[in-house]
Amino acid sequence: MDIKKNDVFTVQIEDMSEDGAGIGKLDGYIWFIKDAVIGDVVEAKAMKMKKSYGFARLMKVVEPSPHRVEPKCPVARQCGGCQLQALSYEEQLKFKEQKVYNNLVRIGKFDNVVHALDETVDIGAKSAGSCGKPIRFLPIMGMDEPWRYRNKAQFPFGKDRNGEIVTGFYAGRTHDIIENEDCLLGVESNRPILDKIKSYMKQCGVEPYDEETHRGLVRHALIRVGFKTGEIMVCLVINGIKLPEESVLVDSLKEIEGMTSISYSVNRDKTNVIMGKDIVNLYGPGYITDYIGDVKYRISPLSFYQVNPVQTEKLYSTALEYAGLTGGETVWDLYCGIGTISLFLAQKAKKVYGVEIVPEAIADARENAKINGINNVEFYVGKAEEVLPEQYEKEGIYADVIVVDPPRKGCDELCLDTIVKMSPKRVVYVSCDSATLARDLRYLADRGYEVEKVRCCDMFGHSSHVETVVLLNREIKKNDD
Ligand code: SAH
C-alpha cells in the first residue's frame, strides 16, 4: 500500500466499527473514518497508520450513502457526543442490532440465533448446529422520538477568544469548549437556564473556571429534569466555597417554570471529575422527584439516575416480563445501582435482594424503597462477586430468578459461578456491552443455561451504544418441578 500520512484517497465505506466509525478497505488495508457512514464513497486524509489499519479524516462525501442524513445538530462533527447523527435513525437501529447479533455469533459462538418479529412467530426447531434450541432475537425497541431524550446535562463554562463567557460541550477527546447551549439530545429549557446563569455571572462579576490557571469560579452547570413531573434541578459546580450574591441567581432561575432545586457543589480539585463531594443547597428541598413506571425516585445532584427515562421504562419492563414473576419468587438483583430494577421487580415478587458496590447508591435505593412503601426489598453494599458467594456459602441463600445489570466489563467469573451453583430457574441479563454479554452468556450456556431470547433497546440514540436484555432458562433436569 502506498498511502502515506496526509495523503488523500477515495474509499467506499463497507462497514461500521463498534464505536460508529466508517470502515473502508484498500488493498486489504483497513481504514477507520469517523463521520463516514456505511454505503458512502468518501475522500479521506490519512492521519495515523498502523501495520494493518489506520485512521483517516473525512474530507468529502463523494457519493452519499442512501442512509446518510444531514445531521440536525450544527456542531455534530466537532462535539464528541453523537457518533451516528449522519445515519438515518432507522439504520442506526439496524446497526445496533447487527452489532449485538455479531457479538453473539463471534464471541458467544452461538450458531442458533434467529431473528423473530415477535414472541409467538414460529422460528422452527432450527438447530443449526451444536447450540441447541434456537434463540429468539426480537426487534430492537427504538425511540418514538430520538431527540431531546436526555434528562441530564452537564455544561462546562469557559471564555471564548473575545473574553465572552461561553458554555457548551467539550470537543471530542479534548477540553476545548464548543459553544452550544441547545444540544438536541437535551431538553429545551437548558438554553434559558444557561442564559440566566451567564447573565448572573456578568452582572455579579463571576468568572468562569480556567483549567490551565486553576482560577475562576464556575466550572459546570448540572441540569436535571423529571420528565414525568416537570421538576427541574440546577447545580453549579464551583471552584470555591461560596457563590457571590447568590440571591440574584436564585431569583432569576426561579422564574423558569418547574424550577424545584437550586444548589452548588464545591469542587476545588485539579481534576476531570465534574462534581465535587459537598453540595450546598440554595433553594428547594435538595432534590427533584421523577417516576419510572409507577415507582417514584428522589434524585439529588449526586445520585445516579438513568438519563433516558422513557427507554429505561421499556428496558426494565422487559426485564420484569422476562423474570416471569407470579408473586411468590425470591429474586436477586445484582449490580442494582439505586435499585431501579429491584423496585420494579418488588412489585411482583415475594422478596428482592439488591447488591451494589457504591454505598451512596444503596442509600438512595433504600430511600426510594421507603418513599414508595416497598418493604419486600433488602440491599447489600459490596461486590456482587463477593456478596453473592458469601451469602450462598454462609446463609445458603436461594433464588428463583437472578437479574444482573453489570457495568461494561460484564460479570465476574466468581459471580457467574455462584449463579450456576444457586441454580435459579431463570437469569435475566441486562447489558450495556454486547461483547462481555456474549462472553458471559457462553459461560452460562456451557453450564446448564439455555438462552431463550434477546432484545435490544436504544437508550442513547445517535451514539453507538446499545442496551440488551436476555432471558436464560435453566435446562430441565430430572426431579425438577
Ligand atoms: N440497574 C441499575 C444500574 C446498573 S449500572 C440502576 O438502574 O440503577 C451497573 C452498576 O454496577 C453501577 O451502579 C456500578 O456501581 C455497579 N457495580 C460495578 N461493579 C460492581 C460489582 N463488582 N459489584 C456490584 N456492583 C457493581
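Using N, Cα and C of the backbone, Cβ positions are placed for all residues, glycine too.
As given in TrEMBL:
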- 2-60: domain 'TRAM' (DOMAIN)
- GLN306, TYR335, GLU356, ASP405: S-adenosyl-L-methionine binding site (BINDING)
- CYS432: active site, nucleophile (ACT_SITE)
- CYS432: active site (ACT_SITE)
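One way to see the shell of the S-adenosyl-L-methionine site is to take the Cβ centroid of GLN306, TYR335, GLU356, ASP405; the remaining same-chain residues with a Cβ within 8 Å of it are ASP333, CYS336, GLY337, ILE338, THR340, ILE341, PRO406, VAL430.
The maximum pairwise C-alpha distance among GLN306, TYR335, GLU356, ASP405, the residues recorded as binding S-adenosyl-L-methionine, is 16 Å.
On its own chain, GLN306 (S-adenosyl-L-methionine binding site) has ILE292, THR312, THR340, MET459 as residues at least 6 apart in sequence with a Cβ closer than 8 Å to its own Cβ. Taking TYR335, GLU356, CYS432 as the candidate recorded positions, the subset whose CB lies under 6 angstroms from any atom of ligand 1 consists of TYR335, GLU356. Using a 10 Å Cα-Cα cut-off around the residue listed as 'active site, nucleophile', the binding-site residues TYR335, GLU356, ASP405 reduce to ASP405. Just so you know, of the binding-site residues GLU356, ASP405, the Cβ with the fewest other Cβ atoms around it within 10 Å is the one at ASP405. Annotation for TYR335 (S-adenosyl-L-methionine binding site): spatial neighbours VAL355, GLU356, ILE357, ALA384, VAL404, ASP405, PRO406, PRO407, criterion Cβ-Cβ under 8 Å with sequence separation of six or more.
Taking the Cβ of the residue listed as 'active site, nucleophile' as centre and 10 Å as the limit, one finds 17 other Cβ atoms among all the protein chains shown. Residue counts for the domain 'TRAM' (2-60) by DSSP state, with H, G and I taken as helix and E and B as strand, are 0 helix, 36 strand, 23 coil.
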